[in-house]
Amino acid sequence: MDILNHVAQSVANGLLIGSVYALISVGLTLIFGVMNIVNFAHGEFLMVGMFGAYFASTAFGLDPLWIAPLIGIAGFLLGALVERTIIEPIIKAPQSAQIIATVGLGIILANGAAAIFGNNFLSVKTPYQGETFSLFGLHFAATFVYAAAYAVVMAVLLALFLNKTRFGKAMRATAQNRGAAQLLGIDPKRMYMVAFGLGVALVTLAGSVILPYTLVYPFIGQQYVLIMFTVVVLGGLGSIRGAIIAGLVVGVIQSLSTLLLPSELQNLPVFIVFFIALVLISGGVLSRVRNASVKLKRS
Amino acid sequence: MFNDALTTSKQHSARRVAWRVAAVGTALALTLTGCSSGGGDNSSGNGSKNVKVDEVRLGTILPLTGSTAQNGNNSLHGIELAVEQINAAGGIKSMGGAKIKLSTADATSDAAKAASAATQFLSKGEPPLAIVGAYASGLTITVARVTERAKVPLLSTGFADELTHQGYKYFFQLPPASSLMGAAQFNYAIDIAKDAGKSIDKVAIVYANNAYGESQAKALKAQADKAGKTVVLNEGYSPNITDAGPIVSKIVASKPDAIYSIAYVPDSVLLMRALKAQGSDVPIFGGTGGYITPDFVKALGDQVNDVFSITTSNPDGYGDIGAAYLKKYGEFMPQEAHDNAAAVYVFAQALEEHPTTDSTDLAKYLHEGKFDQGAAASMPGGFVDFDETGVNVNAKPVMVQWQNKSLIGVWPADIVKGKPVWPGQ
């Protein structure tokens with residue numbers, strides 16, 4: 001019984017942290033899916049969101065959870081601006097040029113933050129930081145529950161946007177076939193700007209949402225970047241549903257592995273799964289399922 | 001929920017791209033930790049052998065970027081303050097009032113880069129007479145190899161035991177070594193418990209798995225075995241964790257009487273928050289690092305009260321330089337700032353008593369003298385005294401405790417003024 005309880009608690013913790021992983025990664029996969037560009041500065045945009053939330057919340061005395069939507073909007077504008085000034089000129093450039101551009105952007109953001117804010121560890125204090133919810137004998141830290149709730153809401157909103165709105169459909173059309181979409185009157189440049197803006201909005205909002213349980217410093221993006229890429233590649237590059245599922249899977253594997261393995265090896269099983277997925281399954285776990293369903297529709 | 005049609009046009013290249021992204025992403029994560037920004041070095045052509053000089057050059061190599069950047073910057077503040085104070089008081093009087101000229105290099109938080117930063121620093125222009133650095137033990141190990149080869153004294157606040165086991169002639173360690181710190185962290189805690197009428201039988205040891213964490217944890221484990229205590233958990237974790245939940249679950253499940261933790265700022269804050277969330281009220285004995293920093297109290301507020309930590313010098317005994325630091329930087333003087341300032345005072349006093357512009361000559365005198373000026377006087381025992389291996393034989397660990405959000409020295413009673421408070425009493 002005790003062991004069962006431990007396993008259940010670990011799965012629950014894994015799902016909570018996993019939904020956060022999904023939220024921080026989904027923008028990366030969205031940008032790739034629409035634009036075919038890998039944004040290596042994604043971790044640094046998370047850091048920018050965290051700093052934004054920190055300063056906004058200390059200046060106005062508001063909880064980062066309340067500020068998150070505003071940070072998301074600011075993140076959207078920042079993303080759109082970055083797309084127009086940095087990404088647009090290299091959208092047709094060789095992939096190596098795109099990598100250098102986004103990697104360089106990440107370095108500039110991190111070191112810029114260090115130069116402006118200093119190398120300090122900053123964090124906010126919220127009344128629920130020490131609180132826990134109990135359900136069926138399991139315990140959930142309030143900060144993680146709120147972050148996970150945000151992740152679920154954002155996933156639903158993103159799904160509604162992509163599937164139900166004209167703009168979302170146009171964005172998917174651009175992703176599928178830029179030329180055909182353009183012939184039908186969709187402006188791909190506008191789509192790219194919005195897609196990049198949305199990707200950055202999602203990750204900056206995530207930064208605000210996770211701030212209550214962690215702390216921010218200029219180089220924190222690097223702590224998350226490996227998880228982001230694992231989630232995105234495991235889920236299949238460009239697949240939003242894949243990133244969400246992979247986020248949860250990574251969270252649960254990490255959490256369960258600590259039951260058996262020392263904490264320092266918590267990423268080992270994740271990377272073993274990651275490696276197997278890369279070797280065995282082309283383009284991520286979900287592509288098999290997707291290929292099957294595509295065939296099904298055509299027949 | 002999702003139609004997921006974003007990638008259908010890219011099926012063919014998906015595997016290739018996936019591999020490439022995975023490779024670049026991994027490489028990035030591995031190599032970009034702490035991008036060097038280089039230190040500002042000025043070379044002045046002052047090669048005179050005359051002991052009456054205008055300035056003496058002191059170098060410092062510290063992690064100014066990356067994961068331990070904050071400790072590096074705190075250290076730099078302490079060093080700058082000590083240099084300012086010494087220069088304002090007339091410099092090195094025996095050398096014609098020579099002023100200390102400080103130059104700084106960024107070691108980043110990466111050991112390999114630290115060594116190359118040190119090499120560059122020493123090969124560029126006229127080398128400094130001595131170097132203070134490099135805060136973290138992992139960095140100091142690689143920097144010490146370079147300074148030893150260059151025959152430049154390295155005054156260090158790194159704890160690692162192996163630093164003084166290399167037969168180095170140009171290495172000087174101001175604080176007690178890790179093994180002493182670990183032993184004191186363990187034994188002082190037992191003594192404090194006994195003093196409060198409590199007993200510690202089952203202990204949990206959790207540590208960041210870097211050079212500093214591992215060597216101190218090893219010392220804790222050895223001490224626990226020697227004292228016949230049960231180690232119910234002995235767990236390392238990556239210093240880059242973003243969530244301490246799983247480790248704290250293990251701590252809580254192991255039901256210890258005391259938690260010994262070796263952590264830097266981010267992981268110490270994550271651990272504390274997760275412990276609170278899981279309702280733990282087990283006494284915590286930190287092993288310096290994050291537990292004694294201004295950021296620790298800024299992040300956690302009242303939650304820091306009752307938390308203990310072992311440290312290298314008594315923070316409520318820093319005197320003038322402590323007050324000057326508070327005035328200048330608006331926060332209390334952290335341990336690393338103080339101990340690095342002490343290193344500068346040792347350097348200045350050595351030159352004062354033994355004027356020289358030769359690094360080897362200076363190293364020789366550092367082994368011989370006793371140093372009790374400025375911040376060196378607020379090291380435990382009141383002075384710094386190096387033996388032939390570079391160990392400060394006078395160094396003695398101090399246990400501090402957060403009381404009303406201030407760090408108070410509480411143990412051992414013969415070198416501190418404060419009294420320990422057992423958590424929950």
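Keep in mind that glycine also has a Cβ here, set from the backbone N, Cα and C atoms.
Heads up, TrEMBL stuff is auto-annotated, nobody curated it.
TrEMBL has this to say about the protein:
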TRANSMEM  A:20-38  transmembrane segment
TRANSMEM  A:45-62  transmembrane segment
TRANSMEM  A:68-87  transmembrane segment
TRANSMEM  A:99-118  transmembrane segment
TRANSMEM  A:138-162  transmembrane segment
TRANSMEM  A:192-213  transmembrane segment
TRANSMEM  A:219-237  transmembrane segment
TRANSMEM  A:244-262  transmembrane segment
TRANSMEM  A:268-289  transmembrane segment
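Using a cut-off of 8 Å between Cβ atoms, the transmembrane segment (A:45-62) and the transmembrane segment (A:138-162) share fewer than three residue pairs, counting only pairs 6 or more apart in sequence.
Spatially, the transmembrane segment (A:138-162) is adjacent to the transmembrane segment (A:20-38); three or more Cβ-Cβ distances between them are under 8 Å for residues at least 6 apart in sequence. Highlighted: of the candidate stretches A:20-38, A:68-87, A:99-118, A:219-237, A:244-262, A:68-87 has the greatest count of Cβ pairs under 8 Å to the transmembrane segment (A:192-213). Counting residues 6+ beyond its ends, the transmembrane segment (A:20-38) has Cβ neighbours under 8 Å at 45-46, 87, 91, 98-99, 102, 144, 147-148, 150-151, 154-155, 158, 171, 174-175, 191-192, 195-196, 198-203, 205-207, 209-210, 224, 227-229, 231-232, 235, 237-240, 242-248, 250-251 in the same chain.
Note on the transmembrane segment (A:68-87): residues 35, 37, 45, 48-49, 52-53, 56, 101-102, 105, 150, 192-194, 196-205, 207-209 of its chain, located 6 or more positions outside it, place their CB under 8 angstroms from a CB of the stretch. Within the same chain, residues 37-45, 47-48, 51, 82, 86-87, 90, 218-219, 221-222 sit at least 6 positions outside the transmembrane segment (A:99-118) and bring their C-beta atoms closer than 8 Å to a C-beta of that stretch.
Within its own chain, the transmembrane segment (A:244-262) has Cβ neighbours under 8 Å at 6-7, 10-11, 13-23, 25-26, 155, 227, 230-232, 234-235, 268-270, 273, 284-286, counting only residues six or more beyond its boundaries.
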